[in-house]
Each structure stands twice: as C-alpha cells, then as structure tokens.
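Per TrEMBL, these features apply:
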{"type": "DNA_BIND", "residues": "29-72", "note": "DNA-binding region"}
{"type": "DOMAIN", "residues": "27-71", "note": "domain 'Homeobox'"}
{"type": "REGION", "residues": "285-331", "note": "region 'Disordered'"}
{"type": "TRANSMEM", "residues": "149-168", "note": "transmembrane segment"}
{"type": "TRANSMEM", "residues": "206-226", "note": "transmembrane segment"}
{"type": "TRANSMEM", "residues": "246-267", "note": "transmembrane segment"}
Amino acid sequence: RFIAKPCALGLKVQANGPQKAQPNAILEKVFTAITKHPDEKRLEGLSKQLDWDVRSIQRWFRQRRNQEKPSTLTKFCESMWRFTFYLYIFTYGVRFLKKTPWLWNTRQCWSGYPNQPLSPDLHYYYLVELSFYWSLMFSQFVDVRRKDFVIMFTHHVVAVILITFSYITNLTRVGTLTLCLHDMADIILEAAKMANYCKCQKLSDLLFLSFAIVFIVSRLGIYPLWILNTTLFELYEALGNFPAWWVLNILLALLQVLHCFWSYLIIKAAYKAISKGKVAKDDRSDIESSSDEEDTGSRSKTPHSTITTNGTGGANGTNGYLSGGTCSEEH
C-alpha cells in the first residue's frame, strides 16, 4: 500500500482491472445463483430468452468471470511483496549459511545429532520461513484460483509439514540448506512477473529464461545431488535406519516430484519463448481471454433485437446495451 503501489504507479502499471460486463439481470442471476460456466444447452436457452447470439452470451460470461479478478496493479503489488520477501530471506540464509560448517560439507549436518544446539539465527530463519509458507497456504484460497491450484496447495502443505517436522526432530541443518536453495529461483520469477506487468517484454523474457535455467539447475541438479544425497545416504551411514529418516526422505522425494512437474511446464514455456521470440502466455494465467476465437472468426449475422425480455425496459435497451440493428465494436 505504501511502497509497492507508488512504485507501480510510477512505472505506469495499469491500475484498472479487466473490462466489466454490461449489467444484465437475467445473466447476472444465472452467474451468481446457478453457474459461472454455462453449458451449450443453457447458452441456447438464454439466447432464445434474450434474443442474443450465443457468442455474445459467452463473451458476457467471460467478462463477468474476469471482472472478479484483480487488476494488474494489485498483481504487481503482490509480486513486489513476494520479491522483497524472497530477496530478504535468501540474503539472510546465505549470510547465515556461509558461517556454518555444513554448507560445504553436508556430513556436518549429522555430526553430533541429535544433540545439536539451536542457535538464535537458525531459530529465527525457521520461524520466518514457516510463517511465510503458512500465509501462502491460507492466502491461496482468497487469491486468484490458478490452474495448478491443487499442485501449489500440495506444495505448501508439504513445505509446512517438512519445516515443522525437521524443527521438531532437530533436523534443522539440512532444512536450512533446503530452504535457501528453494528461495533462489523465486526471486527471479517474481522479478519477471513485475517486468511483465510493467510491459517491459524484453526484460521479462530475459528474466523468465534466467528463472528457467536457475530453477532447473537448482531443483533437478543441485537438489538431488546435494540435499537428497545427504539425507538418503550420508544420514543413513551416520545414524542408520530410524523412523524420522523415512518420513524426511518421503517428504523430500515428494518435493522432487513436484519439481519435475514444474520443470516440464517451464521447459515447455521456454521452448515457446525461443521458437516465437517471446515468452508465451503462462499456463497458470489467472485472466481468461476476452476475445478468443469469437473475435477472430466471423460474427453472428443475427442482430440483437431492440426488445428484450428481462423486464428492465428502457430507451437504450433493457440490459445496458445500446439498442440497434447491429452489435457495436465496443461490445
């Protein structure tokens, strides 16, 4: 509110949200009480009732759904907040870890276990990270619902359980390595989003490709060779088989499965970016297109009638549209 919003306005980020649908009592009632995604049969029924062509009704529902989505300004502020947090916590993690012996020698993660002291710096690092992941898990229900909602929710749940479990069992040394490694790529991702919202396409493309490289190297390379190697083999060699070993490695392996899934999506998007010369639309986009094939194809030849049946009456039409023989370009 006090930092991100002025920055966004200074960068001329668009403050208004998606185009609003024109008021219509019948369609609004269907949208709020019945369904936001009417099927073909219902669309045909509404078309006969309102004397609209089906494509206009589809467009109205699309605009009405988008109307509830946040503006570009709101999304910029959210990304700037996350960018600031990730940058801060990653910097803090690097400064903390470079003073520890287990950064370069992962066997030190298990030296003296379980009688390892919990330093104030490590305690603070853990609590801040845990608080942030709790906030992400709850805010996901009130934020824009994205296509990978289930996957993201699973990731947040696993992260919270993993942080809590490692804290309780004092497996915090390897936990700090895992947290720092995961924060690395998120900084670049949020920066790429902000550049995209500012319409700096070339910078956004460059940051996205950088994010793709860092994500794949860190999650598919360093993570299994560095983190999983020490938890699967070095921990087993040092302490043998015990229940916490199984729980820890199952959770870390589940994270790796999620990494593989996201890497597939990132590689797919990066391939489109290279082949087309720009980053393609994110598969997780939260805004539906308001001009899909309907706007590129031929428009319906059936004009809107000057008389409709929603019972609101008026000289300019009963639903906010100008009455006339043809549909306007603004509509």
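One-based numbering along the chain as shown.
Glycine is treated like the rest: Cβ placed from N, Cα and C.
The residues of the domain 'Homeobox' (27-71), classed with DSSP into helix (H, G, I), strand (E, B) and coil, number 32 helix, 0 strand, 13 coil. Long-range neighbours of the transmembrane segment (149-168) within the same chain, counting only residues 6 or more positions beyond its ends whose Cβ lies under 8 Å from a Cβ of the stretch, are 126, 129-130, 133-134, 136-137, 140, 174-175, 178-179, 244, 247-248, 251-252, 254-255, 258, 261-262. Looking only at the DNA-binding region (29-72), the predicted model's pLDDT averages out at 84.
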